[in-house]
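TrEMBL annotations:
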ACT_SITE  B:Asp73  active site, nucleophile
BINDING   B:Tyr134  substrate binding site
DOMAIN    B:167-268  domain 'Pseudouridine synthase I TruA alpha/beta'
There are 2 protein chains.
Amino acid sequence: MPDSTPALSRPDDAAPPSVCRWAVLMEYDGRGFVGWQRQKTTGLLSIQGLLEDAATRLTNGHDVRSITAGRTDAGVHASGQVAHLDFPADVTLSSATVRDGLNFYMKPHPVVVLMARPVLPQWNARFSAISRAYRYRILNRAARPALEDGQVWHVRAPLDVDGMRQAAAHLLGRHDFTSFRATACQARSPVRTLDRLDVKREGEYVVIEAAARSFLHHQVRNMAGTLKLVGEGRWEPAQVAHALAACDRRAAGPTAPPEGLCLTGVGYAENPFSR
Amino acid sequence: MPDSTPALSRPDDAAPPSVCRWAVLMEYDGRGFVGWQRQKTTGLLSIQGLLEDAATRLTNGHDVRSITAGRTDAGVHASGQVAHLDFPADVTLSSATVRDGLNFYMKPHPVVVLMARPVLPQWNARFSAISRAYRYRILNRAARPALEDGQVWHVRAPLDVDGMRQAAAHLLGRHDFTSFRATACQARSPVRTLDRLDVKREGEYVVIEAAARSFLHHQVRNMAGTLKLVGEGRWEPAQVAHALAACDRRAAGPTAPPEGLCLTGVGYAENPFSR
């Protein structure tokens, strides 16, 4: 039996000794993808599938699997996604070669590895992550986007950013976020601690920055869709507190579209990309 | 004879009394277009053609012509382009209707009117302009662009921004810019006054901001392509002064690609969009 066989029954959070684990920092445009996660249906393009297929080609045919910090939905972008890949230990490559090689094989798709770093087998892109940061951008003007079509949510009505900021304050901290999770969300607990939910105007944009140790499925988009109701004056800021307390998805606002959302960063106690 | 007939022989810079002149502020993604200028060959998509055809539809079939402040090349973008359109005087529309109507007819192309304003017949988008501002953006990192593919120039080698800034200083002011104009440039004089040529680093980007009363054909891209040689250390900053003095296109660097260039604004003594 080869050394790697027992690893198949191991938990995801440690690499078997026969592999070399690589962390990758990624940027992508989520349009045209079914999302991060590889689908069983053939012909559907996923970020994960693209990355793993590139890794397989880079390692001359080895079946390389990846684990990510955030399984982004279809149409959602990333400027600071993190994943890890387990290469066979006998494949010795430099950080620059892993980055450039993966990028070469992912061409011409709008997905790139910004940095690649070897990590200890205990390090795990998903389970070692201690924070996730997302940015939701609204283009708030009459004209539809021309330069950023597909990368912002276009909202015509002028939004009241002060009201949105007041509403956002009600969501900060540790809560049962049932009202803001997708009904299909598979997380065991609906309780999360929201560390940051800033709303600011930047010229024609209204930018929402959210950070937490982890988020529920659709949580950022559901919060953005609800804050937009406040920005339009259709909801009072305090209604967001009532929606949260209701612990019922129907009590909160609609899910904002994916194109405004971008995973901007993942935090680690030991950040492989800072060295 | 209708009133409008004599107008056909008038110079471009005044509207005949039978028309209502509209100024439009525009944003567009230049990819997929042959540039601003309408081409005689059918099947080639130009920004001008798209705008004029939309204006014709908005005015129920009138043949509407436009004049622009800057005839951008194929692949060049704009966030603050200005043009004017002459509508028949009997077509009375509000500013919001002109903006929204033109945008409706230009769908789904990545071209939009941000603002539309009625102007006096003497006001001319081209001849009343007293300044043009362009931004040239270089994405200076190893990985190709994923989120901004087609909207930046990708340069892998780390650029020396201080050297580029020293080089840019040699180009400021009034000069014969023959070395930096396209050989096909049709301007009568190669003399221009460059009011601004700033180079700064913004994270992974190197951004060049240029402003002048007017520019020669390809001038900003030729300056950007030359500054990049300095940034790579292939040229000393002082070589840019020698290239300028040579008054010979072959003395300067290559033309930077169109995708990094964006027309960001046009200045007027009477700015129709500030009211």
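All residue numbers here begin at 1 and follow the chain in the order shown.
The backbone N, Cα and C atoms fix where each Cβ goes, and this holds for glycine too.
Heads up, TrEMBL stuff is auto-annotated, nobody curated it.
Following the DSSP three-state reduction, the secondary structure of B:Asp73 (active site, nucleophile) is strand. The average pLDDT for the domain 'Pseudouridine synthase I TruA alpha/beta' (B:167-268) in the predicted structure is 97.
Here the domain 'Pseudouridine synthase I TruA alpha/beta' (B:167-268) has, by DSSP, the following mix of helix, strand and coil residues: 35 helix, 32 strand, 35 coil.
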